């Protein structure tokens, strides 16, 4: 049975119970869905093409900085103005174009630290306004990353926001524990390795608090994962995810194989296939992939410019003749497309590694 058979909406942006149904299907069939950070219509297209061509669902997400970029670097971000407008603009663009690709898309937003909560508030306001008109939120889901705060404050704020989100049937992703490296608004590059691991008890305390509100939430716990790519990384321990599931199952009087938690793998760039498979087998349903995609997008454009440099120095004049026009070489639709193709290729690799490929067949 293909994944689309469990969804009421087969293509385009899915919301509410469909998001849970997709994650349930992924957990049961032991695959994870790549979450691709998008910053422009071009990166959106690259991700959608890869998913369509590999018959896979996909998660598209905007970060705080990525959303501001989507709005335009010339727009002031005072009061999170650009980030709010950019994320909403991206959401409407993705909603309009995603059905053309014939695949289900989860529309998500990435890390929101406490200092960025005005951004979250602006998006949630847009969700509620959209819900009033259409009976569903604008975004499928949002992420709160309050891992810099105490666990008590982290969970308390998540409960506060999730109570509001549940009223519009929206999924919440939260982070507990510290993921190393740097991601929009959260910098943990100086964190010692021993702090990069969450305990089963802490993870379950999140489940205990949020499950009273709605089952529609996932947990990004720390198991040595790091944002970005570094020469020396922390010791990744995906087997810890199994202990989180086992502890939760025991507390809930369920079988260990039930894997009651929806888990998320942050800092996926640069990890091994073995680590991904171990994490997915323990209930990871979403893997964030940003840094690798950024480099892949650059590589296509970089290689094009290097290979065609003799055609890009002047509007007219190249090795074929001093009067030969170069417009077909410097047209942005040509060289930007090269970045889309290499980014799409990198996402295709992820779809294969995460076992997502063919999930819609």
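Counting starts with 1 at the first residue shown.
Just so it is clear, glycine is given a Cβ too, placed from its N, Cα and C backbone atoms.
Copied over from Swiss-Prot:
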BINDING   63  D-glyceraldehyde 3-phosphate binding site
ACT_SITE  110  active site, proton donor
BINDING   111, 227, 266  Zn(2+) 1 binding site
BINDING   145, 175  Zn(2+) 2 binding site
BINDING   228, 267, 268, 269, 288, 289, 290, 291  dihydroxyacetone phosphate binding site
- Closest to residue 175 (Zn(2+) 2 binding site): which of the binding-site residues 63, 266, 267, going by Cα position? 266
- Note on the structure: Most Cβ neighbours within 10 Å, among the recorded positions 110, 145, 175, 290, goes to 175
- Item | Cα distance (Å, whole number) from residue 111 (Zn(2+) 1 binding site) to residue 268 (dihydroxyacetone phosphate binding site) | 15
- Message: Could you check which of the recorded positions 63, 110, 111, 145, 266 is the closest Cα neighbour of residue 288 (dihydroxyacetone phosphate binding site)?
- Response: 266
- Taking the Cα atoms as reference points, how far is the residue listed as 'D-glyceraldehyde 3-phosphate binding site' from residue 289 (dihydroxyacetone phosphate binding site) in Å? 12
- Query: Can you tell which of the recorded positions 110, 266, 290 lies nearest to residue 145 (Zn(2+) 2 binding site) in space, using Cα positions?
  - Reply: 110
